[in-house]
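Read the structure below first, then the notes.
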Amino acid sequence: MSPSTKYTEYDAYAAEEAAEGKVFDVGGQDWDKVVGAAEDLGDERLVVNMGPQHPSTHGVLRLILTLDGETVNECRVGIGYLHTGIEKNMEFRTWTQGTTFCTRMDYLAPIFNETAYCLGVEKLLGVTDQVPERAQIIRVMMMELNRISSHLVAIATFGLELGATTVMLNGFIEREYTLDLFEEITGLRMNMAYVRPGGVAQDLPSGALSSVRDYLDRMPKRIQALRKLMDSNPVYLARTKDIAYLDLTGCMAMGITGPMLRATGLPWDLRKSQPYCGYETYDFEVATQDTSDVYGRYLVRMQEMEESLKIVEQCVERLQSVKGPVMIEDKKIGWPAQLAIGADGMGNSPRHIAHIMGTSMEALIHHFKLVTEGFRVPAGQAYAAIESPRGELGVHVVSDGGTRPYRVHFRDPSFTNLQATPAMAEGGMIADVIAAVASIDPVMGGVDR
Amino acid sequence: MGLEEKLPSGFLLTTVEQVAGWARKSSVWPATFGLACCAIEMMATGDPRHDFSRWGMERASATPRQADLMIVAGRVSQKMAPVLRQIYDQMTEPKWVIAMGVCASSGGMFNNYAIVQGVDHIVPVDIYLPGCPPRPEMLLDAILKLHDKIQNTKLGPQRAKQIEQLEEAKRRQLPLLGQGTL
Amino acid sequence: MSSQHPEQQAEQAADQLPAHSEEERKEQPVARMGMFGAKTTGDTSGYGGLVVRQSPKVSTPRPYGGPEGAAEAGVFDEVADELERALGGPGSSPEKAGPDFGDAIERVVVDRGEMTFFVKREHLAAVARTMRDEPSLRFELCSGVSGVHYPQDTGAELHSVVHLLSITHNRRVRLESTCPDADPHIPSLVPVYPTADWHERETYDFFGIVYDGHPALTRIEMPDDWVGHPQRKDYPLGGIPVEYRGAEIPPPDERRSYV
């Protein structure tokens, strides 16, 4: 093929070619032609579109990479492929129903989404102090269990994306055991809508605490096994050490929080610095590393899982002695029904149904009003932030005094942290882009909402 | 498969159908089409507890060109829809689609501007799997039902006849509401 | 028991504010009518004539207090004082580059343990820079931008809300700027906080606020050729009616419901 031969007869890229150089349209089964024509041009620059459907991009993330050989010169990130309109949908449901929507944002950390949202609503209502202690302890326990399951998936998919199936299988089976607990306590494995404004949906079922205790017996050994597999694995180290460096200055400018920030050596953890749900009363350490690289972020996640186990242990101890309701006493806010897990999932307990249908008309009216109409939240706005597995999960809730949110906005850590991809990837090798993205651990459901 | 189309009808043909169906169903390679929450459950289906390598499915195909099953796992946004269709077009025949979860099946709770109300607006769907998200066991059940479907798929002119019959059966299915019969 | 209900408490507290008397409330524009969102069927509830008025725009008097309460001067007073000192009060040196505190800040609201500065949009970048650089303020981290659309708030329909976090002092503060629908421009904070990049693109995408000075203000969540800004109040939810066993259920925004 002579250099002057156009590869495609139809030239749709004339305008772009003038500005950017020769454009090839790769349609499949034509690689030899493309490579041959590119060789003739003598240009090494290559723009590769990666995603939104790619096995190593952590979901529907799109990366547009400009390559010089294997070096990434420019990296652009395209998102929005999972935009769900959750924030807008919540404006058309009651405050309580909002938990059902927001739990599906960051689908690896549903409990965190719910808790952040509920803390925001409680702040608007001014009832933060009235949430029962037992509910707060259950929230903390569920959040920490969720942190473990989320980090396990982070590490599992990280291994998968780097090509290590063993890590993936090990991570996922441990996550299954965590999900078993969720299922026993909330009735669902994911997207539980368990944390509600004013407390939690229902008390722990009998036997749940002993299941958690079994889990606590098992888990430290399993985390040790994972560490044994990865901590000083030479292949793993080669792929992670000094890769995707981002120091404290970069993190501050990019607004990055969570394990990435703690891997730069700053012990910033909202559980310690701005405690919520009674975190100030628990004894745990903030995990930090000072390497600012992928390996450091991995170590922080591992250490956080161990700390989370410590917190869960303290929760179990407290739950044995702290009894009482799990929903706010105020009958105008608290969900009227006693919920219970039946054969087909969570629903109103049979005793409550007998009460409202058989004995008390007023209770029925109250139930009906509160469930269909919902409670009113005084006008105003509030911002509540919690430490999710990926960083600061903030929620900005605005009420106009009605029974439905006027506006809910989530500041999702994945969304913010993902902005750092170009900063970490540019100038590095293309293979390290995968490690960089995986170390952010973005969840596209949270990014796009 | 030129041979299948050329075979005369009769005893031999049904056997070939069965053999072809059996071969096809025994090692379905799914395209890794994870989108949202369901994608995590789809990955969990591959974990040691559920283990879909029991049906020869552990080789999740990163390239659509070597995949014959697309598990649409999660909500499909308006922005993702053209991508999904392109990937479907890149898959080689024969190919099947499972709409995993209620969002992929019908849009589900996200009845709004951003989400395609059911992936069947874009690609033909073989199995609708409800749940939000469906448990791994439910996905396994859907896969087994799909296996059954693959096994009993006819070939050539018989396939055309089968499609016609299925269409007719669908049309006669109750309820007939909203079709002028109420 | 009922007098302790937080909603009533908040209302009582609000009524005690001099700027929030019953008289003034009656002057406020109507936020919405009726109680049910029925648009197709007749409203048989009897609540159709119900009028809900917007809350008046109040500013909190000093002392602001802190996150725990406003009984005495607290952290919030400190932040306001420092910002006032850094920006300069009225009549401070005329050759100074930045705006005065009084010019830049429309009003200050302390509510539910949170402090909000309503910043005039032309001075937003200068205020944010001061917030970041002044050692006594040092709000290093921007926790994102959130847009809110108030169609009734004539002349200031679009609000852009920025949450700032100071890791040094462990404080949070909120900056709120407004712009009218007819001229939806607000200066970009990207030069001060690079993290605002995607957040501003998102707010542009959903609300149509144009952030002047943003390096690449394009749609981020919606497809590039999308028409409209979907999270504005005048943009419908866009659901479709769902048929279930012969009955047709309208999408959530068209159902009869309490609002």
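Along the chain as shown, residues are numbered 1 onward.
Any Cβ shown, glycine's included, is placed from N, Cα and C.
If you check TrEMBL, you get these features:
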{"type": "BINDING", "residues": "B:CYS37, B:CYS38, B:CYS103, B:CYS132", "note": "[4Fe-4S] cluster binding site"}
{"type": "DOMAIN", "residues": "B:37-146", "note": "domain 'NADH:ubiquinone oxidoreductase-like 20kDa subunit'"}
Could you check what DSSP calls B:CYS103 ([4Fe-4S] cluster binding site) once collapsed to helix, strand or coil?
helix
When you measure from the Cβ of B:CYS103 ([4Fe-4S] cluster binding site), how many other Cβ atoms are you left with inside 10 Å?
30
Fewest-neighbour residue among binding-site residues, criterion Cβ within 10 Å, set B:CYS37, B:CYS38, B:CYS132:
B:CYS132
Return the average pLDDT for the domain 'NADH:ubiquinone oxidoreductase-like 20kDa subunit' (B:37-146) as a whole number.
89
In three-state DSSP terms, the structure that B:CYS38 ([4Fe-4S] cluster binding site) belongs to
helix
